[in-house]
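Written below as structure tokens is the structure these notes are about.
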């Protein structure tokens with residue numbers, strides 16, 4: 001082995017120290033005659049797999065940010081603890097991916113320098129722990145939040161072309177250390193195996209675009225109109241959800257529909273509230289501590305009006321946008337009370353927007369009386385019935401008879417033997433494919449999908465032709481003038497060919513250059529490859 005083998009002695013010593021967790025100088029390493037064993041190679045392969053595993057989890061973590069507010073609400077209902085788990089998720093993921101990435105870079109540098117890959121037992125234990133943590137995260141995702149797997153599939157329509165370019169680039173960069181290892185090792189079987197695996201992986205990547213589909217691969221003139229915005233409980237990133245302030249903020253975001261949830265008080269007054277308990281969005285624990293565990297419908301309207309429905313928004317900060325509120329907004333937030341449905345209908349009428357709502361709880365014994373009280377409030381408000389979008393399935397036929405002008409919104413897909421044609425459907429965004437959205441659009445069926453917060457997801461649904469989306473981030477989606485990206489098919493084909501050809505040329509160049517440098521190092525009396533390469537570069541620069 002050369003001294004120093006492939007790089008300067010201080011660099012070799014530093015790399016060995018970080019990777020092996022022991023101070024092995026170049027001379028000691030040479031004296032001990034350390035070599036990379038099959039076991040060391042196995043640990044390097046495990047390190048590479050852990051890095052890829054954590055990289056995939058990082059991708060999932062970014063994707064599920066769209067729906068993480070639902071997770072925050074779920075944890076609050078279970079544990080009465082409010083925390084922005086997106087920060088925890090991203091910080092933990094960043095730590096895991098950084099650790100495995102640094103170890104992988106160290107290993108590749110050691111390989112290029114001709115140093116042994118003696119991974120310390122502490123790193124081995126931490127790598128196993130990293131793999132177990134990520135595996136547990138994936139398992140929990142599959143058990144408790146299975147719909148996020150469908151979200152990941154949808155995300156590939158937005159990221160597929162770019163992931164392909166990134167993965168091809170990463171695999172291309174591996175050609176240099178792979179060539180160095182292959183020319184250095186004496187095992188023919190191992191050489192053939194590694195080359196076959198690498199070539200198979202690259203061929204699969206080069207042909208991957210044949211299976212990549214995205215609704216945003218289209219001509220500019222084929223782009224459907226921008227989907228209308230439906231404010232999910234108003235504008236919950238800018239004001240406390242289900243309040244009149246939230247409705248006004250939603251109007252400022254140019255939403256066409258205010259989506260909310262309705263419950264009916266013990267004395268028959270419909271009011272806006274999502275949770276069955278009042279603990280998350282009011283100060284009921286302070287005002288009525290002995291009744292805080294009761295259902296919202298157990299309170300009469302006079303009691304509900306005593307509750308503060310805004311201060312929690314400033315205390316818990318459910319979204320990072322709360323920090324950017326003005327002093328005037330802060331003052332308005334603290335004045336918010338639980339609004340009645342009639343107040344919300346009046347505000348919607350004045351703002352000329354529609355209102356869409358669910359009636360909760362569906363399993364209540366007095367649900368029919370809830371429906372009657374809600375219909376009476378609608379008729380009393382004087383709002384044009386076409387601006388009322390009715391979501392509840394219970395007693396829908398009765399609603400059609402009493403207020404035929406109300407628009408009926410269905411939370412399901414159409415059936416083959418549908419008695420009456422569906423005109424409006426409201427579904428989770430994971431439940432409809434791009435092909436189904438296009439078909440419904442051709443059949444003049446309005447499709448609203450919820451909850452869409454991230455621009456990448458909004459872009460995919462926009463390209464698919466969805467009619468509207470329910471969102472928490474109306475202030476963000478309002479500013480989007482076009483999808484994040486839009487590529488004609490011919491342009492994407494050209495990018496695909498250029499990327500694949502460039503990658504192939506770089507790989508061939510890497511293998512030929514490493515072979516050339518090794519032949520020079522042999523003819524120069526055993527000097528290291530890196531020393532020879534640096535000498536040649538220096539000579540060229542002097543010329």
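Yeah, the Cβs are placed from backbone N, Cα and C, and that goes for glycine too.
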Stretch carrying transmembrane segment according to TrEMBL (options 3-23, 192-212) = 192-212
Do you know which of 41-65, 216-240 TrEMBL annotates as transmembrane segment?
-> 41-65
Residues of the same chain, at least six outside the transmembrane segment (41-65), with any C-beta under 8 angstroms of its C-beta?
-> 71, 86, 89-90, 93-94, 96-97, 100-101, 103-104, 107, 117, 119, 124, 127, 130-131, 134-135, 137-138, 141, 145, 148, 151-152, 155, 159, 454
For the transmembrane segment (85-113), could you work out the same-chain residues 6 or more beyond its ends whose Cβ comes under 8 Å from its Cβ atoms?
-> 4-7, 11-12, 15-16, 18-19, 44, 47-48, 50-51, 54-55, 57-58, 61, 64-65, 68, 71-72, 75, 119, 123, 126-127, 130, 133-134, 176-177, 180-181, 530
